[in-house]
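**Q** Among the features that TrEMBL reports, [2Fe-2S] cluster binding site is placed at B:CYS222, B:CYS225, B:CYS237. For B:1-96, the entry in TrEMBL reads domain 'FAD-binding FR-type'.
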Amino acid sequence: MAETAEKAKKQERVAMPEQEPKVRARNFLEVPTGYTVKMAQDEASRCLQCKKPACVEGCPVGVDIPGFIEKITEGDFTGAIRNLWSKNALPAVCGRVCPQESQCEGRCIVGRKGQPVAIGNLERFCADYERENGTGELPPKAASTGKKVAVVGSGPSGLTVAGDLIIKGHDVTVFEAFHKPGGVLVYGIPEFRLPKAIVAQEVNFLERQGVNIQCNAVVGRTVSLDELFEEGYDAIYIGVGAGLPRFMNIPGENLVGILSANEYLTRANLMKAYEYPKVDTPIPLGKNVVVLGAGNVAMDSARTAMRLGAESVKIVYRRSRDEMPARQAEIHHAEEEGIELFLLTNPTKYLGNEQGRLTGMECLQMELGEPDDSGRRRPVPVKGSEFTIDCDLCIVAVGSGANPLLTSTTPDMTLNKWGNVVADPKTGKTTKKGVWAGGDIVTGAATVILAMGAGRDAANSMHDYLTLGW
Amino acid sequence: MFKIVHREEMAEGTVVLNEIEAPLIAKKAKPGQFVILKANEEGERIPLTMAETNPEKGTITIIYMVVGKSTALFKELKVGEGFQDVIGPLGKPTHLEKVGKVVCVGGGTGVAVLHPITRGLKDIGNDVTCIIGARNKGLLILEEQMKNASHDLRVCTDDGSYGHHGFVTDVLKDVLDSEDVKLVVAIGPVPMMKAVSQITKERNVETLVSLNPIMVDGTGMCGGCRVTVGNETKFACVDGPEFDGHQVDYDELMLRLRAYHEEERKCHNDYCTIRDAK
Ligand SMILES: Cc1cc2nc3c(=O)[nH]c(=O)nc-3n(C[C@H](O)[C@H](O)[C@H](O)COP(=O)(O)OP(=O)(O)OC[C@H]3O[C@@H](n4cnc5c(N)ncnc54)[C@H](O)[C@@H]3O)c2cc1C
Ligand SMILES: Cc1cc2nc3c(=O)[nH]c(=O)nc-3n(C[C@H](O)[C@H](O)[C@H](O)COP(=O)(O)OP(=O)(O)OC[C@H]3O[C@@H](n4cnc5c(N)ncnc54)[C@H](O)[C@@H]3O)c2cc1C
Ligand code: SF4
Ligand code: SF4
Ligand code: FES
């Protein structure tokens with residue numbers, strides 16, 4: 001063991017090749033281009049195959065990390081993907097977007113002295129290898145139970161439930177408000193980070209297994225939950241995400257040129273506005289762009305603006321670098337691409353011209369004070385530090401809340417004070433009989449893997465209900 | 001696909017009517033609600049109010065003015081062809097109530113949006129006067145239908161080619177001065193709704209308007225449709241599209257409607273050049 005530890009330490013983590021920052025900052029192709037078989041096996045050989053793997057504890061769905069990595073070293077890529085699938089329905093997605101540094105890789109033993117095993121990259125490799133070389137064979141399906149399940153929302157949470165329940169023999173229909181399935185994976189996370197063809201293939205995989213996906217169905221408007229029960233559905237899963245944009249509520253916010261990140265990214269990703277005028281949906285092209293916020297959503301917005309040809313893109317955030325919630329890889333990529341960080345800066349007012357268009361914003365410099373409720377040091381304004389930033393486009397990425405469209409038409413389901421659905425953390429059961437919920441609509445904006453984990457727990461509980469009772 | 005089963009051109013071809021198969025939406029829709037339509041894979045999501053619904057037949061009817069690329073593309077669709085996506089019903093239905101004397105004011109394609117609301121108000125027992133206007137006689141739409149949906153129809157044209165010579169607001173003032181009007185519903189171009197609201201505010205008559213900001217999802221998810229009403233920001237797609245006309249910041253709405261003006265003009269011109277060259 002000591003010997004292998006020495007070896008792993010000596011052997012550098014295999015970096016995944018990436019497009020050059022200068023080149024990629026102006027195109028929408030994926031940034032990291034993937035491991036070759038050799039690279040994957042070299043990286044896999046760095047894993048110590050721990051008996052009590054700390055990494056697994058860091059993964060919210062408990063992926064058997066040493067197990068699938070061992071299969072890679074053996075060259076059994078089919079075995080590796082099967083192993084991954086048993087815990088995680090969307091490894092191609094998670095390998096790309098999980099915040100590995102604070103989950104699996106953050107716990108990896110090799111990471112104590114050097115760079116942790118690149119678990120995410122390896123997971124991505126297996127999924128990509130299967131997609132490109134696999135047989136596309138469908139998993140075996142249990143005999144039909146005759147039970148009908150409705151899944152509302154086709155984000156990672158809803159897709160997980162659909163995939164799990166179809167295999168268990170239930171008849172599954174997914175209702176999606178947008179004209180395309182995938183949730184944030186299609187309308188939020190950009191092409192250069194998660195190619196839409198991958199999401200489409202995952203959805204297609206579910207359809208081939210028999211999942212019926214009904215787009216353009218706004219539950220709460222086109223049909224209500226009670227009407228779904230009347231139509232003969234036996235159980236319903238709600239995975240509608242956190243689709244309510246938050247704004248700053250500072251003067252001038254309705255000037256032309258100020259968009260929520262939801263709007264900006266939906267135009268860019270779902271509507272493919274970066275190909276305008278080849279497609280019909282326009283997107284505002286800013287010369288000097290400011291993005292408010294410092295999470296993944298902010299990084300995605302900033303990097304999209306850069307790719308759309310901005311001269312300058314600034315991220316304005318009121319706390320310091322340590323508090324930035326985005327994945328490290330995204331912050332690093334953004335900076336490499338020329339995006340500037342204006343930390344400890346808080347906007348107080350938008351400035352506009354006579355045409356009602358944004359021309360700039362007034363900001364205050366902040367400094368860190370005493371810790372607040374979240375344990376993070378509270379930013380407090382520095383007196384007399386006002387200054388202006390010129391900008392013609394501002395993207396507001398300061399978080400999102402629970403969209404009330406569905407819940408307001410379902411009065412007999414309990415919500416918390418922020419409007420999130422109250423669900424049992426173990427089973428996903430809501431207070432309404434026959435209805436489960438999970439993902440961002442329950443937890444508030446979180447991560448893909450947590451939304452999937454909640455989906456899996458709920459699917460198990462729903463299966464029990466459908467076969468045993470409430 | 002959502003198939004077009006009937007199609008008409010009105011107002012010298014500047015306005016088009018499509019009756020579309022959409023049984024789920026037809027069953028649920030109420031006056032004042034809208035749908036979002038997308039013609040094809042590359043298409044934009046365009047909000048249009050349902051001018052008519054037929055739950056038995058499973059169809060909805062939209063009436064739209066051809067103003068840009070997307071509506072020009074819609075106009076090309078023939079009976080038997082259809083829209084790739086139709087989403088709805090969206091927005092809050094009109095709150096229909098018996099109040100007594102009501103005046104419905106419509107301009108341009110706003111008349112189409114006004115039609116089901118007018119009929120709804122009449123059906124529950126209100127005394128409804130309707131004032132509709134257009135630039136000239138040829139551009140007037142739904143005159144016959146509006147006559148049937150109300151007790152008294154007044155028509156205006158800007159150029160005097162038909163009916164009263166002048167704006168709908170002139171006639172509205174006359175009616176407000178001679179009768180005890182309880183409610184005014186105004187739907188049309190933003191400047192018209194603004195003018196109507198100014199007149200009714202002076203006279204303290206409750207006024208309902210239907211706003212048409214630029215939208216993307218129509219479900220309260222993007223905030224692109226935000227409007228200021230009574231100094232508060234509202235999302236028109238879920239909080240509206242109808243609002244208290246006296247509270248709306250029309251000037252802001254007009255500026256926001258022009259957000260993509262340059263891009264849209266170019267896109268439309270390119271499209272027409274290519275289409276006409278074919
Ligand atoms: C720009 C962006 C970047 C992100 N980056 C990362 C990242 O790098 N890593 C990470 O782990 N997480 C990331 N996240 C967070 C992650 O995407 C979410 O936590 C996750 O997608 C939540 O999944 P969900 O299934 O709960 O909901 P969603 O993915 O939001 O899907 C909900 C679906 O429900 C549909 N819907 C909503 N209302 C209705 C209704 N009434 N009827 C029918 N359908 C409805 C929506 O249209 C949507 O398709 C990011 C989020 C965003 C916005
Ligand atoms: C809730 C709602 C209901 C509507 N109902 C109807 C209806 O029943 N009949 C009808 O004819 N129109 C209706 N509209 C307006 C219609 O959506 C627009 O005319 C349409 O989006 C224009 O698309 P386009 O691509 O053809 O034109 P574009 O190329 O997008 O625009 C052409 C011009 O119209 C302006 N414009 C863009 N979007 C809108 C908009 N949403 N509203 C008004 N002007 C806009 C642009 O600034 C530009 O100057 C409604 C709008 C909303 C929000
Ligand atoms: S699912 Fe995410 S957290 Fe779990 S092992 Fe894979 S990358 Fe790590
Ligand atoms: S902790 Fe690191 S070295 Fe140990 S099994 Fe997990 S990935 Fe391998
Ligand atoms: S259209 Fe997106 S919130 Fe109204």
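The count begins at 1 with the first shown residue.
Each Cβ is built from the backbone N, Cα and C atoms, and glycine gets one as well.
Heads up, TrEMBL stuff is auto-annotated, nobody curated it.
Please situate the listed features within the shown structure.
**A** Sequence-distant neighbours of B:CYS225 ([2Fe-2S] cluster binding site): residues of the same chain at least 6 apart with a C-beta under 8 Å from its C-beta are B:PRO213, B:ILE214, B:MET215, B:VAL216, B:GLY218, B:PHE235, B:ALA236, B:CYS237.
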**Q** Going through the binding-site residues B:CYS222, B:CYS225, B:CYS237 in order, which have a C-beta under 8 angstroms from some C-beta of chain A?
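**A** Only B:CYS222 pass the 8 Å Cβ test.
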**Q** For B:CYS222 ([2Fe-2S] cluster binding site), name the DSSP secondary structure in the helix/strand/coil scheme.
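**A** In the DSSP reduction, B:CYS222 ([2Fe-2S] cluster binding site) maps to coil.
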**Q** Mind looking up the mean pLDDT for the domain 'FAD-binding FR-type' (B:1-96) in the predicted model?
**A** 93
**Q** In sequence order, which residues at least six apart in the same chain have a CB under 8 Å from the CB of B:CYS222 ([2Fe-2S] cluster binding site)?
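**A** The list for B:CYS222 ([2Fe-2S] cluster binding site) reads B:MET215, B:VAL216, given in order along the sequence.
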**Q** So, by DSSP, how many helix, strand and coil residues make up the domain 'FAD-binding FR-type' (B:1-96)?
**A** 17 helix, 47 strand, 32 coil
**Q** Applying a 10 Å Cβ distance cut-off over all chains shown, what neighbour count does B:CYS237 ([2Fe-2S] cluster binding site) have?
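**A** By my count, 28.
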